[in-house]
Amino acid sequence: MSSRGGKKKSTKTSRSAKAGVIFPVGRMLRYIKKGHPKYRIGVGAPVYMAAVLEYLTAEILELAGNAARDNKKGRVTPRHILLAVANDEELNQLLKGVTIASGGVLPNIHPELLAKKRGSKGKLEAIITPPPAKKAKSPSQKKTVSKKTGGKKGARKSKKKQGEVSKSASADSTTEGTPADGFTVLSTKSLFLGQKLQVVQADIATIDSDAVVHPTNSDFYTGGEVGSTLEKKGGKEFVEAVIELRKKNGPLDIAGAVVSAGHGLPAKFVIHCNSPGWGSDKCEELLEKTVKNCLALADEKKLKSIAFPSIGSGRNGFPKQTAAQLILKAISSYFVSTMSSSIKTVYFVLFDSESIGIYVQEMAKLDAN
């Protein structure tokens, strides 16, 4: 009752408040009716539309905020919104035809062009490129001989020799590294500058990438899960290469990484790294440093693809979730700080379902990092 005895004026509850959304449901209903006067509009249609738009807006704002944070800006700009949409596959497909005012354009930078400006890296191309021309001739000649023999055996031999040709091809070729036939990519995530992170369930010794990473210790021990697999596939040549590397390099420092040729493997190079043990001093920081050192070595060799196992989660005792988070964080921050990287694809080669689930989950959380 009011002071004069009349009924107290009640405030009208809006459709948005009743539905529990912020976006105006009544306005959505008017817009829908205006465009479709001949159709009956259900009560739930504008509510659902408002809820979807509210969710998409919140998602884009979160990604744009991450982009602003990574670029060390205190305010979200249209540029950050553009980067946020471009970095998320689903949003990019939905809004690829939308122009964001004052958002600028997405850079399409070829890392090779930027790297040529650096005098130190120009010499590496001359070192890597000469061998392929010599090796590429002999397999092609042997391939024609194998065809003459006929039958299925000849076809199998020719396939093996084609694999050798692709292995001896230059690391500066335009083709990106792909996993061996028969293995499917379980999850893919694209980063800002176009690098792809892919989860693959396979044997790392059979992955056809430019480099594979071998977690070891200071003495280049090859008895771990990855080391024994590579040793079995690479054979005597691989073992001799590791022994020679040990003599030449000496003990491998914690978080250190060195490279050797991938004898007997589909990969052209093997990057040996000494990751820290769980619980040791600054172990998380050193694991990130290990991953970044592996990527830096791949960049020095102008490699386009690199395959990582789950570093640290084996003998070194890191929890799988923690190891995955640190590895992905290190890779993301490396590509943010290194504008001229030649690496196009990073494979996470896993074999157990637990690790696969963890990496797929953690990659989805990367967002705009």
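Glycine too: its Cβ is placed from the backbone N, Cα and C atoms.
I204 (glycoprotein binding site) is surrounded by 24 other CB atoms, counting those within 10 A of its CB over all protein chains shown. Annotation source Swiss-Prot lists glycoprotein binding site at D203, I204, V226, S275, G312, S313, G314, N316, citing similarity to another entry.
The compositional bias 'Basic residues' feature in Swiss-Prot is assigned to 144-160.
The compositional bias 'Polar residues' feature in Swiss-Prot is assigned to 165-177.
Positions annotated as ubiquitin cross-link by Swiss-Prot, on the basis of similarity to another entry: K116 (among others).
Taken from Swiss-Prot, the feature ubiquitin cross-link covers K117 (among others), and the record attributes it to similarity to another entry.
On the 0 to 100 pLDDT scale, the domain 'Histone H2A' (15-90) averages 87 in this prediction. Taken from Swiss-Prot, the feature domain 'Histone H2A' covers 15-90.
Annotation source Swiss-Prot lists domain 'Macro' at 184-367.
Sequence annotations record features per position, and here Swiss-Prot assigns N6-lactoyllysine to K7 (among others).
The N6-lactoyllysine annotation in Swiss-Prot covers K9 (among others).
Counting Cβ atoms from all protein chains shown, K18 (N6-methyllysine) has 10 others lying within 10 Å of its own Cβ. Taken from Swiss-Prot, the feature N6-methyllysine applies to K18.
If you look up Swiss-Prot, you'll see K116 (among others) marked as N6-acetyllysine, on the strength of similarity to another entry.
The feature N6-acetyllysine is assigned by Swiss-Prot to K123 (among others), with similarity to another entry given as support.
Per Swiss-Prot, the feature N6,N6-dimethyllysine maps to K123.
Look at Swiss-Prot and you will find T129 (among others) tagged as phosphothreonine, backed by similarity to another entry.
What Swiss-Prot records for S170 (among others) is phosphoserine, and it gives similarity to another entry as the kind of evidence.
Residues or ranges marked as phosphoserine by Swiss-Prot on the basis of similarity to another entry: S173 (among others).
Residue environment of N316 (glycoprotein binding site) contains 20 other Cβ atoms, counted within 10 Å of its Cβ in all protein chains. Counting other Cβ atoms within 10 Å of each Cβ, the lowest count among the binding-site residues G312, G314 belongs to G314. Put simply, G312 is the one of the binding-site residues D203, I204, G312, N316 whose Cα lies nearest to the Cα of K18 (N6-methyllysine). The C-beta environment of V226 (glycoprotein binding site), restricted to residues of the same chain at least 6 apart in sequence and closer than 8 Å, consists of I204, V213, H214, P215, P309, G314. It is S313, among the binding-site residues S275, S313, whose Cβ has the fewest other Cβ atoms within 10 Å in the structure shown. Across the residues annotated as binding glycoprotein (D203, I204, V226, S275, G312, S313, G314, N316), the widest Cα-Cα separation comes to 21 Å. Counting Cβ atoms from all protein chains shown, D203 (glycoprotein binding site) has 15 others lying within 10 Å of its own Cβ.
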